[in-house]
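Taken from TrEMBL, the feature site 'Transition state stabilizer' covers R78. Annotated active site, proton acceptor per TrEMBL: H82, in sequence order. Annotation comment: TrEMBL describes D83, V86, G88, D90, S92, E101 as Ca(2+) 1 binding site. The heme b binding site annotation in TrEMBL covers H205. Per TrEMBL, Ca(2+) 2 binding site is recorded for T206, D259, T262, D267.
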Amino acid sequence: MLPLMAIAVYSLPWHYKCSSEHETSVIWCVIWFSLASASAQLAVGFYSLSCPGAEFMVRNTVRSAASSDPSVPGKLLRLLFHDCFVEGCDASILIQGNGTEQSDPANRSLGGFSVINSAKRVLEIFCPGIVSCADILALAARDAVELTGGPAVQIPTGRRDGRISSISNVRPNIVDTGFTMDEMIRIFSSKGLSLEDLVVLSGAHTIGSAHCSSFSDRFRQDSTGKLTPIDTSLDRSFAKELIDRCPVAANPSITVSNDPQTSSSFDNQYFRNLIAHRGLFQSDSVLFSDSRTRRLVEDFANDQESFFASWTQSFMKLTSIGVKGDGKGEIRQSCSAVNI
């Protein structure tokens with residue numbers, strides 16, 4: 001008989017019960033028990049007694065910021081990925097200073113910090129020393145998805161903030177936009193994420209934007225000084241759009257929507273773009289060109305509900321990477337610095 005600790009610590013989607021009469025629920029129990037064992041301090045409604053309005057305050061802050069700046073949701077979601085893949089989901093990406101994770105060139109274009117800091121300031125007024133920056137970031141990214149039309153995900157909280165943030169830990173742990181499938185699989189696998197998680201979580205690119213430099217490796221300069229696509233499978237009209245937007249010596253501040261069709265909506269258009277050979281990054285396009293992941297791309301392109309259901313599962317796994325508990329982390333007074 002499977003232990004029921006998973007049910008106690010994690011509220012399973014669709015209210016599955018651990019019983020022999022539901023084969024799928026047994027599989028869920030195995031998955032969630034393994035996650036619960038790794039981070040047993042997490043619980044849905046962790047702050048229900050200590051700070052009942054915590055999740056509302058985070059959601060309200062995200063909604064307010066997104067209403068004045070539509071780019072906020074994409075920035076928050078990207079920020080979470082860059083946090084969880086390095087040192088785990090412990091808000092180490094938020095720590096400022098020389099030699100921290102923020103110092104790496106891959107992180108200098110990150111945004112959304114002010115939203116997290118705003119939520120933290122509000123929470124410190126009503127619930128001082130209670131809510132971690134790691135939980136604020138996870139909740140904010142969760143809310144960003146829902147506010148842009150994506151699925152509502154009930155995630156457990158109780159993360160603690162890390163005290164280590166080093167530039168040397170960034171490159172070995174994050175996925176570059178020019179990575180091959182094998183390189184991406186290696187990174188995701190090291191985080192306990194499957195091949196399906198890789199495809200599902202890449203769907204985060206359905207919102208947000210990118211600087212020209214992040215996909216410049218997809219083009220080369222010919223003898224006349226014009227840019228031409230290296231990948232001949234890239235849709236010609238899309239390639240022209242990118243070249244027009246990001247010509248040689250383009251302003252570094254210029255950005256391009258990850259999903260031009262529905263840039264402000266969390267939907268399955270990203271996967272449709274891949275099938276149409278309109279993926280922005282090489283790491284996007286390879287998901288459709290590689291036989292190991294092509295079927296998943298096609299399935300999600302044809303069925304948004306399937307993508308949303310899979311997103312719920314994979315997002316839960318993402319936000320459970322390397323979670324720190326009591327004795328291994330702290331509740332920062334300020335998200336930008338460790339406690340003295």
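Placement of Cβ uses the backbone N, Cα and C atoms for every residue, glycine included.
All TrEMBL annotations are machine predictions without curation.
All protein chains considered, the CB of D259 (Ca(2+) 2 binding site) has 26 other CB atoms within 10 Å. Between the alpha carbons (Cα) of H205 (heme b binding site) and E101 (Ca(2+) 1 binding site) lies a span of roughly 22 Å. Contacts of R78 (site 'Transition state stabilizer') defined by a Cβ separation under 8 A and a same-chain sequence distance of 6+ are given as L110, G111, G112, A204, G208, in order along the sequence.
The highest number of surrounding Cβ atoms within 10 Å, among the binding-site residues D83, E101, D267, is found at D83.
Among the listed recorded positions, namely H82, H205, the Cβ with the most fellow Cβ atoms inside 10 Å is that of H205. Of the chain residues outside the Ca(2+) 1 site list D83, V86, G88, D90, S92, E101, H82, C84, F85, E87, C89, A91, I93, G162, S165, N169, G322 have their Cβ within 8 Å of the site's Cβ mean position.
The Cβ of V86 (Ca(2+) 1 binding site) lies under 8 Å from the Cβ of S92, I93, E101, N169, V170, N173, I174, each of which sits 6+ residues away along the same chain. Comparing the Cα of D83 (Ca(2+) 1 binding site) with the Cα of every entry in T206, D259, T262, D267, these being the binding-site residues, the smallest distance points to T206. Taking H82, G88, D90 as the recorded positions under consideration, the smallest Cα distance to D259 (Ca(2+) 2 binding site) is found for H82.
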